[in-house]
Every structure is written in structure tokens, then in C-alpha cells.
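Below is one structure; the comments refer to it alone.
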């Protein structure tokens, strides 16, 4: 098809010539600049509040209850015969998966395993009431645990009580920020972050997480870092302290986990193996230790028995230094939780409000911080298993919480003999799914610019650290958006629609238009 180019021209003669070539009359409206902006701003603000007030007045009592207690939506329409069995089975399945995972992620965060169990207990019940997703499984996750370890490790040693107090304070601050964003309806901010940034960031983080767990396989301590080079350097320098028993055990357990995970994903009849993997790893490792008593394999050790007690978060004097990490963890929570929750809502045929989701996550973290919880968010793997297991409503989450409560109350003495390498294998098997090289290959074929964005985010996160990686990735992504806005490409086919002559001229004075 013939290509026509219109270029900018400031002369009135061009306007006359352009207008005479069309049959549609042109009406030129004189643009007047307002003498003050206060009137416009006031009118806009008044209009917004008028719409908001009108919406509030139209809401009935049921809608008010659903706004403050989203759980009422599924409770009021619950089909007991159809949903109950599926919810209970899904809750038990994911609950069994959550117990060993929560201990593993607590170790990754530099905390005692008991705090992982606490974080998988209280927030689940709170989220079931205030959260809007019916399949999202919240609790400790690998990425958030790494962020907690990274920032708190630079402030205080993980063996000190202050470290634990700061982790709990961080949960409170994250919850407050999430609630504020939910109440101010700022969930739309995630649209400014490209999927390429998310993919590159999580891929690099997965590699760092896996390397940080190598010490439990190798049998010696390595440097605590969120950067690739210091971790690899530390592993190489300590090679003379290498121990075979934990390496062999960890490698065998990891192979079993990956095999069960693969069979659970690819074979319908073996779907239960995906959720049973972490529990199987713990049972095998504990059984071996009980039978052979190997001295070179480190164990979890004593875990306090009983439910968490109420306590107010402490050490608010450190709050200012935790603000950047609070923002970062909240951003990761938005990307991970809201994205998963929306996908699951679409698959299950109901609507999900991003702002309500943020508020639900925030309340779960705030209430959890009063029961010794560190920052929690939605888990991709557990949510997927929850969905695949047939969960219909938030009742599955309540069942998960009951399973965790039973583990805290009765089973903690059994956890003392769990090998550290078994927990490390659980973490590594979980984060392998975050490595997204297929996305990079796809972007290379489809969009070179997004591929460049993926590479930049991946490389900066891997070599310079998580915080810098996120900032650079988001910054470059926004730069691309601004560049596109300033230099848009508009294609128009005059056989399909007619372009208003004045609009075409006014736009051509800014940017040439290519019609094809």
C-alpha cells in the first residue's frame, strides 16, 4: 500500500491547503489559557469527592460488609456439598507443604525455624478474613526472606536478639505501607513495572538464593551476601573445609524433590507428589539421622513448643533505616501476590480488587507482627498447588492455618532432628522454578528492547545487589515508557476510518505521522 508522510509545518498556508483537500469542514477553536489553575484544581477535586460520596451513598449494608470483610462474599454464597471437601483437601495438602517450607525460609532469612512456623500461622487466618483472593496461599517466601537477611545482616549479627526484633518490626512497617497503598487505591502503580524487569529480577535472585544455601551442602560457612561474586569467592576459598556427608545427603534429597516436582507437574495421577515433596524430604532426612547419627551433618536443633504469644514490636529507633527495605519488600509483595491472585481469580471466574488485596496483605502483616511474624506475602508455588488441589474459597487457607497450629502445638519436638541440608534442598528446589531463561529467549525473538531490559535487570541484580537491581530495572523501564510517550508511532488506514483534519494537522506539528 502506498505510504504517505505528513510533516510539521507552522504556516497557515499548510493548514488551508490541508483543509481544502478534505470534504469534512474544519472548525478552528481559539484556545485560551486560564488565568489561574486554582479553579480547575478545585473543580477536579470537588468532582472526585462528589463521585466518591455518591458511590458511598448508593452502597447497601451488604456491600459495606463486603468492603470491610471480603470473606463475606464467599461465606454468604458457600456451597457446602460442592466446596467443603475440595477446600479441606486443598488446605491439608498445602498445609503439609507449608510446615517444612516455612522453616526453610526462616533459615534463609537468618532467623530460627520457629519464626517461619509463626509466619505461616497467624497471617493465614487474618488474610482469610480481609484478603480478596480465594486461592492465594500466603506465608514466608524465598525472595522476601532473602531481602530480610540482606538488609538485617548489614545492621546486626543474626545470632543476636536485635536481629529478630528488627525482622518483626519490618513486618509491621511493610503491613502499614501495604494498608496505606490499599486505602489510597495505589494498586495501579504495578502497571509501570515491566514484566521483563520482574522476570530478570527473580531469575537473578533465585541464583543468589541457591548459592546462599550452598553452605548447608558443603558443610562450612560462607559469606552472607546478596551479590554473586562474593558468594562464589567465599565458596571457593573455603573448599578445604568441604564435608562429604551433608553434600551427598543434600544432593540426594534435592534429586528426589525435583523428581517429585516434575512428576507432579507432568502427570495428572501424580499431582499429589508436588505438594508431598517437602514433607518427604524432611521425613527421609530425619529418619537417616535417627538411624545413623552422623556427626558431620548439622541439625535444626531445639524448637519451642506452643502457639506464639502476643507482644508489641520493638526497636522503633531503627525504623528510619528500614524504610528503603520496607518499600522494596512491599514492591515485591505487590508484584508477586497481586499478580498471582489476579491470575487465579481469572481462572476461577471471579473479580479481584488489587487495592483490597493490598489492604488484606497489610492487615495480615500488621497483626502478625504482634505474634512474632516476619514479612509474609503470597507464595507462587503454594498458591499453584492450592489451585491445582481444587481450592474453591478462603476456607482452604483456614485449614492450612489449623495444620500449622497443630504442628506448633504438638510436633515441634519431632523437628529437632531435621538436617539443615534437607531444609536447604527444599529452598533450592523451590527457587529453581523462579529461573526464567525461557522468558529471555522469547523476548529475544519478539522484542529486542524488552530483552535488553531483562538483561540489564538480571545483570545488575546478580552482580551489584538486589536493591540496586530493582532500582535500575524500574528506572530503565520508566525511561522506555517516557521515550515511547514522547515518540509514539501511530499507524492509520484511511480505508478503515477518517482522521479529523484539524487533529491530524495539530499532531503533525509535533510529530510526523506514517500512514500505512
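Each Cβ is built from the backbone N, Cα and C atoms, and glycine gets one as well.
As the structure is a computational prediction, the values presented were derived from the model and not from experiment.
The stretch that TrEMBL tags with transmembrane segment, taken from the ranges 303-320, 357-374, 375-392, is 357-374. Between the listed ranges 88-105, 394-411, TrEMBL ties the annotation transmembrane segment to 394-411. Annotated by TrEMBL as transmembrane segment, the relevant range among 57-76, 137-156 is 137-156. Counting Cβ pairs closer than 8 Å and at least 6 residues apart in sequence, the transmembrane segment (418-435) and the transmembrane segment (196-218) reach three or more and so form a contact. At the 8 Å Cβ cutoff, the transmembrane segment (394-411) and the transmembrane segment (242-260) share fewer than 3 close pairs (sequence separation 6 or more) and do not count as touching. Between the transmembrane segment (112-130) and the stretches 162-184, 322-345, 357-374, it is 357-374 that has the most C-beta pairs under 8 angstroms. Averaged across the domain 'SLC26A/SulP transporter' (84-457), the predicted model reaches a pLDDT of 90. Annotation: stretch 162-184 has the most Cβ pairs under 8 Å to the transmembrane segment (357-374), among 162-184, 196-218, 242-260, 272-292, 322-345.
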